[in-house]
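Engineer: Pasting the relevant annotations from TrEMBL:
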{"type": "TRANSMEM", "residues": "20-38", "note": "transmembrane segment"}
{"type": "DOMAIN", "residues": "25-303", "note": "domain 'Sugar phosphate transporter'"}
{"type": "TRANSMEM", "residues": "50-69", "note": "transmembrane segment"}
{"type": "TRANSMEM", "residues": "81-102", "note": "transmembrane segment"}
{"type": "TRANSMEM", "residues": "132-152", "note": "transmembrane segment"}
{"type": "TRANSMEM", "residues": "158-178", "note": "transmembrane segment"}
{"type": "TRANSMEM", "residues": "190-211", "note": "transmembrane segment"}
{"type": "TRANSMEM", "residues": "231-252", "note": "transmembrane segment"}
{"type": "TRANSMEM", "residues": "259-280", "note": "transmembrane segment"}
{"type": "TRANSMEM", "residues": "286-303", "note": "transmembrane segment"}
Amino acid sequence: MPEIIRFNPNKQHYGTTTLITGYALCSSLLAVINKFAITKFNYPALLTALQYLTSSFGVWVLAKFNLLHHDPFKFPIAKKFFPAAIVFYLAIFANTNLLRHANVETSIVFRSLTPLLVAVADKAFRKQPYPAKLTFVSLFIILGGAVGYVVTDKGFTLVAYLWAFVYSMTITVEMVYVKHMVMNLGLNTWGFVFYNNLLSLMIAPFFWVLSGECGELFASVSGGRDRFEPVAFVAVCLSCLFGLLISFFGFAARKAISATAFTVTGVVNKFLTVLINVLIWDKHATPIGLVCLLFTLAGGVLYQQSVTSPKPVASVLARR
């Protein structure tokens, strides 16, 4: 029988570099994959529900084969976690709808605004120190590039930017609030993945009906207007697989670094997303928009992780 891999929630089992690299690669590829999936399978609520189903069921199955260990589902913990799951669901739902109405670059720009908001929220709600002055300069460079992108965006639509606004607000709350949950609930990484996706799956039917997508799908299928093509099946499967991977790397990285550093990491890895998106198809921003976007991402490169106070010299010497 394979040895059970049990994780101590208070112990770091993976190097920070490994976690950040895994998160960056998954995040970069997932944005393009989700855009491709929503282009071929135009049902954002159902797509996100399938992602949650894959992630929660995948963790459960792997645990049954003793390939990983996750914390068992307990109602008291689920009750505490549920508000964070709602925020997470809203963020993913808003992003999927944004990708439905706009290109990948628009999603990246509004995602890029979150480090500045997260830094302020960390200070206001989690009593973290403000980043250093140089760090704030880099965050405002991000903001300047984002403003330039919006001004030059020829594909501007009210619906797309409404979803963009909702996404930027919910992802900011999600980054700070989920960081708080990670540090205080005592679950291991796979436990967070399991709880987050299972609770989100429970929320999904409500939004599926509320958005009118349920009736739209049944009307389309019954009328013979929709045919699920093989390429759409492949796109949805890839989206679900990367959803599982990013769930793990995302929660693990949140434990390893600050909320603002985690957010900026997600911004910087979008360089690869932009490159892939420009190379594979024509669903991308104008040249001027791309320049503004690269300017925004350059601000992310200038960011330094400085949201924690330096350790006192006496404390350092005491450990030697």
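Counting begins at 1 with the first residue displayed.
Cβ from N, Cα, C; glycine included.
Help me understand the surroundings of these features in the structure.
Structural biologist: Residues 44, 47, 95-96, 99-100, 103-104, 107-108, 232, 235-236, 238-239, 242-243, 245-246, 248-250, 252-253, 256-257, 265-266, 268-273, 276-277, 280, 283 of the same chain, all 6+ positions outside the transmembrane segment (20-38), place their C-beta atoms under 8 angstroms from a C-beta of that stretch.
Long-range neighbours of the transmembrane segment (81-102) within the same chain, counting only residues 6 or more positions beyond its ends whose Cβ lies under 8 Å from a Cβ of the stretch, are 31, 34-35, 38, 42, 44-45, 47-48, 51, 110-111, 155, 157, 159-161, 163-164, 166-167, 170-171, 173-174, 177-178, 181, 185, 195-196, 199-200, 203-204, 207.
If one looks beyond the transmembrane segment (286-303) by at least 6 residues along the same chain, the residues whose Cβ comes under 8 Å of a Cβ in the stretch are 105, 108-109, 112, 115, 134-135, 137-146, 148-149, 152-154, 261, 264, 267-268, 270-271, 274, 278.
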Engineer: I'm a bit unsure how to read this: which one of 50-69, 132-152, 158-178, 190-211 has the highest number of Cβ pairs shorter than 8 Å with the transmembrane segment (231-252)?
Structural biologist: 50-69
Engineer: Find the average pLDDT over the domain 'Sugar phosphate transporter' (25-303) in the predicted model and report it.
Structural biologist: 80
